[in-house]
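K.L.:
In case it helps, Swiss-Prot gives these features for our protein:
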ACT_SITE  Asp62  active site, nucleophile
BINDING   Tyr120  substrate binding site
Amino acid sequence: MIPPKRNKHFFVKIVLALEYDGRGYCGWQKQPGCLSVQSRLESALSGVAGRQIQVVAAGRTDAGVHALCQVVHLETCVRRPLNAWIRGTNALLPGDISILEASEVSDDFHARFSATERTYLYYLLSRPARPGIHHGKIGWVHYPLDLEKMQMAAKLLIGKHDFSAFRSSECQSRTAIRQLTRLNISQHQQLFVFEFCANAFLHHMVRNILGGLVYIGRGKYPPEWMRILLEKRDRTLAAPTFSPDGLYLSGVRYDARWNLPVFNVTRPLDII
């Protein structure tokens, strides 16, 4: 594969939206000795371009976490019709990864740093029997959950806070301050849907918050416990990290000046 030589006058920047099933991967990011979504995608894109292609993602999902709408950018001197980046790449990708859209954007765009908001959805099944058809694609608890108590706790997390109690010990962010703009919880019979929106997320932040909400939903702690965790800023006091199975990166928001499509997907509940 021919490595690219950087000259901004000959390079074009392409933005791609893609979906993937994270069950077979060690996460988004390339890592030695394991199969990642990023490595699969870059290999397929390089096949289309005939040159080495590298991508930058809006968010780095963990092992087992899925995406309904991940956003990446790439830079290349190879000219291809936008549809070729979609269909040509999909022809070289495994069935659990698919390019949805392709757009050309100005050189100063960055998939990660230009993003103003990210949205995650978590689908959680609450019933005695574990899921079969949706195994690995939906979270599960065998006990009932109190929707109202979880909603009360969720409201305490909205706003700008220090989320140290909900960050992984491996988190590399220099600050735990984040702006959580939305945390909606809805119930559809036995299925609970959690929607998290923030300017950015800490490592394991969504799954750690979810673990706390589930503790509150089953009656182990009152809703006010969430406020205490925020104040204490101590990860060891919070609930364990919840399963990745039902977690989906579902959208990334960018300023209108980039003239990009709306990268936000809400998957109907009957085709999770």
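Each residue, glycine too, has its Cβ placed from N, Cα and C.
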K.L.:
Just to confirm: which same-chain residues, 6+ apart in sequence, have a Cβ under 8 Å from the Cβ of the residue listed as 'substrate binding site'?
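P.N.:
Result: Glu195, Phe196, Phe201, Val206, Leu247, Tyr248, Leu249, Ser250.
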K.L.:
Within 10 Å of the Cβ of Asp62 (active site, nucleophile), how many other Cβ atoms can you find? Include all protein chains, please.
P.N.:
19
